[in-house]
There are 2 protein chains.
Amino acid sequence: MGLKSWLPVAASSPFSLANIPFGIISSPGSPVRRPATVLGTHVLDLKVFAERAGFAGLDEIQPHLDVFSATTLNAFAVLGRPIHSKVRAYLQDVLAENTAHPSILRDNDSLRAEAVLPAEAVTMHLPMEIGDYTDFFAGIHHAATVGSLFRGPQNALQPNYKHLPVGYHGRASSVVVSGTPVRRPWGQILLDPAAEHNLPTFAPCRRLDFELELGSFICGANPLGQPVPVDEAEQSIFGYVLMNDWSARDLQTWEYVPLGPFNAKNFATTISPWVVLPDALEPFAVAGIENDVTPLPYLRESRERNQYDIRLRVDLHTAGRAAGSGPTTTTITETSGKNLIWSFPQMVAHHTVAGCPMRPGDLLGSGTISGTDDWSRGSLLEQNGGGKRKIKLAGGEERVFLCDGDTIIISGVCGTEEDGLVGFGECSGQIVEAVKMPC
Amino acid sequence: MGLKSWLPVAASSPFSLANIPFGIISSPGSPVRRPATVLGTHVLDLKVFAERAGFAGLDEIQPHLDVFSATTLNAFAVLGRPIHSKVRAYLQDVLAENTAHPSILRDNDSLRAEAVLPAEAVTMHLPMEIGDYTDFFAGIHHAATVGSLFRGPQNALQPNYKHLPVGYHGRASSVVVSGTPVRRPWGQILLDPAAEHNLPTFAPCRRLDFELELGSFICGANPLGQPVPVDEAEQSIFGYVLMNDWSARDLQTWEYVPLGPFNAKNFATTISPWVVLPDALEPFAVAGIENDVTPLPYLRESRERNQYDIRLRVDLHTAGRAAGSGPTTTTITETSGKNLIWSFPQMVAHHTVAGCPMRPGDLLGSGTISGTDDWSRGSLLEQNGGGKRKIKLAGGEERVFLCDGDTIIISGVCGTEEDGLVGFGECSGQIVEAVKMPC
């Protein structure tokens with residue numbers, strides 16, 4: 001039986017007392033961005049809480065209370081994991097029914113009135129100021145399926161794939177928080193790649209796709225030229241979010257050689273707003289996909305359970321554009337966060353091994369997470385076999401790729417209702433029509 | 001005959017009165033980072049200058065004087081090109097022999113003593129806080145030569161090359177200012193790619209290279225989903241720097257498929273410290289390399305002279321490691337900045353066409369600039385034919401790739417000594433030995 005709070009928390013909430021994630025809120029009465037945590041359907045405004053002596057029972061945070069007045073979580077992240085753990089544990093206690101500090105909040109009517117807000121009344125913002133964003137490719141089932149579509153089954157996985165966490169630098173400026181509309185991108189498209197002397201067309205993307213990923217925010221910093229050893233890399237990880245790495249497949253096919261994806265990815269990447277700490281996910285650590293190649297020593301982790309068994313789900317919500325049909329919602333993907341061949345600490349170790357500096361607020365993406373079953377594929381490209389099959393939705397609708405008005409909603413949760421769910425809430429984005437262009 | 005200053009300026013200085021670039025300095029007496037300009041061997045501290053009413057003769061800057069108290073040039077860049085032009089022209093006047101404002105500085109002993117410093121007494125810093133860094137590939141002679149080495153002459157230029165400015169997202173956190181030592185990176189290397197079942201080795205890079213590039217800092221901002229038209233893109237460009245995109249060729253060959261270069265590039269990128277404004281380079285605008293493919297309308301510029309004829313030079317300075325030989329310096333490359341097939345405004349138009357937001361402080365690299373002659377190649381890889389030839393240096397030394405202790409010094413200059421040179425100063429970095437690793 002999980003810890004019980006004096007606040008009402010539905011058993012089905014991903015934000016049980018076992019979670020205590022961190023995010024950035026604003027509210028109509030207080031438009032300044034500020035840190036908060038969430039429990040059930042309430043958020044705790046940590047700026048007000050800190051200013052009104054809410055942290056009086058936690059000595060270690062006293063020299064650092066100004067981090068709760070910041071407009072991002074970067075300053076809090078910089079404090080490091082031992083402090084994050086203490087803050088989370090303290091908030092769990094303060095919010096628990098049998099709290100050791102009842103006078104702090106439970107029995108403090110005036111602070112409760114000021115600091116505890118209905119979650120529906122606040123606006124969520126990007127939790128971190130993101131310096132650099134790197135997207136990896138650690139979902140081997142995705143890499144194999146998509147590699148086969150792009151380069152044929154003989155070259156599905158490149159020779160390096162099992163030796164190193166393949167990744168590329170993404171675009172930090174287009175990372176947006178859940179709920180931000182995603183505009184259909186324009187770009188160059190080769191309509192018939194088989195035709196000789198074929199010229200690219202300039203048009204709105206016709207093969208707009210999502211990619212189901214986990215994201216990880218960095219809290220550690222290494223100087224230029226100084227690698228982070230793999231067994232220390234976990235201390236560099238502040239927490240996790242869900243991520244949708246929106247992809248324009250037709251732009252990607254034409255542009256990606258030889259330097260990798262560019263405009264096919266940099267028009268938007270959506271993340272969920274609450275950063276879930278490693279401490280909260282630790283009970284759900286499991287072994288990931290076994291690598292049948294022994295990695296080089298700098299990538300060998302002592303830790304065996306280096307992935308998280310997060311139940312990931314993708315829902316496609318239509319705007320009801322088919323004649324006569326209203327909006328419908330269809331679950332199109334169910335898989336687990338454990339379907340990765342490389343762990344985030346391995347990604348950090350590889351990313352820094354040549355000397356690249358990490359900074360607090362940097363974001364790493366896992367790569368698309370897919371299982372091996374038809375219903376566990378983390379992108380439409382995999383589900384439609386490279387654009388060849390229609391995917392059936394509720395209400396008789398069908399999709400090959402995303403239509404204007406469609407909303408992709410990613411959710412992810414660990415654990416049981418009995419012990420208290422640990423989840424991320426939603427990572428959602430609706431496709432809006434392409435801009436008008438004179439062309 | 002160029003404008004003459006009341007400060008002594010050698011005819012050979014790249015920082016004539018025709019230039020007036022902007023940078024960020026600190027000094028032993030005043031360690032706070034602050035904006036400055038440079039003329040000959042003197043810098044003008046713009047923080048002191050602004051605080052002591054130096055800008056009294058320029059109404060337009062009065063509401064924005066705080067930009068000169070910032071620790072980067074981002075706030076100044078945000079003001080936009082019309083203001084940059086006015087500030088540059090005003091500083092040219094204030095520093096001119098026959099200034100219209102003699103009392104501001106020329107005849108103001110106390111302000112001169114405080115604000116005019118010997119350039120050798122200040123430390124230069126990164127001029128901008130870089131949000132995102134993107135590296136293009138617009139040097140067609142480089143792309144063809146290196147493409148041929150990596151993929152054979154049949155596939156030297158990919159089919160998309162002449163249709164769009166190919167580029168990839170680079171790593172902002174490892175962009176460093178000239179003078180920062182560059183540590184030899186470790187990484188995975190496939191020693192004999194031809195051998196079957198060959199396994200990668202983990203070792204310090206053996207094929208360490210430089211890449212001669214121009215960099216461009218962005219001052220404009222476009223919202224997510226809103227492209228920048230090509231003929232407006234020039235207004236998004238704050239100014240230019242020299243760039244060395246250090247490259248670990250052995251890491252690159254193994255890692256770059258299918259998502260592009262990663263650790264082979266992200267260990268360091270060096271830029272020159274002074275940002276030269278487009279206004280200063282405008283007299284040297286010329287047509288670039290002709291594209292025999294007509295680009296799509298969104299990439300067609302009205303402007304024909306869309307490149308700059310900057311005389312670029314690369315010197316290799318050795319530490320004198322060969323027995324008996326002292327340090328030597330050899331000019332290994334001479335070429336022109338005009339050797340590009342895509343202009344920076346075309347890069348901005350392409351980068352934003354799918355909706356990617358640009359932010360002030362973003363950095364774009366041109367890609368390696370090479371001519372077609374042997375001595376005009378902007379990387380060692382091109383000069384040594386893929387590692388097959390030795391390059392002869394002064395003093396009897398030879399190089400295939402860079403040795404520890406070697407310094408690469410890039411310089412670039414436009415115009416004549418008579419009219420006043422417009423240049424960048426140096427973009428230099430010395431290779432230091434790899435870190436010790438337990439492996």
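Glycine is no exception: its Cβ is also placed from the backbone N, Cα and C atoms.
Keep in mind that TrEMBL annotations are predicted by a computer and have not been checked by a curator.
As recorded in TrEMBL, the features of this protein are as follows:
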- B:18-127: domain 'Fumarylacetoacetase N-terminal' (DOMAIN)
- B:Asp135, B:Glu211, B:Glu213, B:Asp245: Ca(2+) binding site (BINDING)
- B:Phe137, B:Arg151, B:Gln252, B:Tyr256, B:Thr368: substrate binding site (BINDING)
- B:140-422: domain 'Fumarylacetoacetase-like C-terminal' (DOMAIN)
- B:His142: active site, proton acceptor (ACT_SITE)
- B:Asp245, B:Lys265, B:Thr269: Mg(2+) binding site (BINDING)
Neighbourhood of B:Tyr256 (substrate binding site), C-beta criterion under 8 angstroms, separation at least six: B:Phe262, B:Ala264
Integer Cα-Cα distance in angstrom, B:Asp245 (Ca(2+) binding site) to B:Thr368 (substrate binding site): 8
Binding-site residues compared (B:Gln252, B:Thr269, B:Thr368) - the one with the fewest other Cβ atoms within 10 Å: B:Gln252
Count of other CB atoms lying within 10 Å of the CB belonging to B:Glu213 (Ca(2+) binding site): 31
Rounded inter-Cα distance in Å - B:Phe137 (substrate binding site), B:Glu213 (Ca(2+) binding site): 10
Cβ-based proximity (under 8 Å) of the recorded positions B:His142, B:Glu211, B:Glu213, B:Asp245, B:Gln252, B:Thr269 to chain A, or none: none
Other residues, Cβ within 8 Å of B:Asp245, B:Lys265, B:Thr269 Cβ centroid (Mg(2+) site): B:Asp135, B:Gly170, B:Arg171, B:Ser174, B:Glu211, B:Met243, B:Asn244, B:Trp246, B:Ser247, B:Asn266, B:Ala268, B:Gly365
Structural state of B:Thr368 (substrate binding site), classified by DSSP into three states: coil
8 Å Cβ shell about B:Asp135, B:Glu211, B:Glu213, B:Asp245 centroid, Ca(2+) site members excluded: B:Leu212, B:Met243, B:Asn244, B:Ser247, B:Lys265, B:Thr269, B:Gly365, B:Ser366, B:Gly367, B:Thr368
Inter-residue C-alpha distance, B:Glu213 (Ca(2+) binding site) and B:Gln252 (substrate binding site) (nearest angstrom): 18
Nearest-integer angstrom distance between the alpha carbons (Cα) of B:Arg151 (substrate binding site) and the residue listed as 'active site, proton acceptor': 14
Cα separation, B:His142 (active site, proton acceptor) to B:Thr269 (Mg(2+) binding site) (Å, whole number): 18
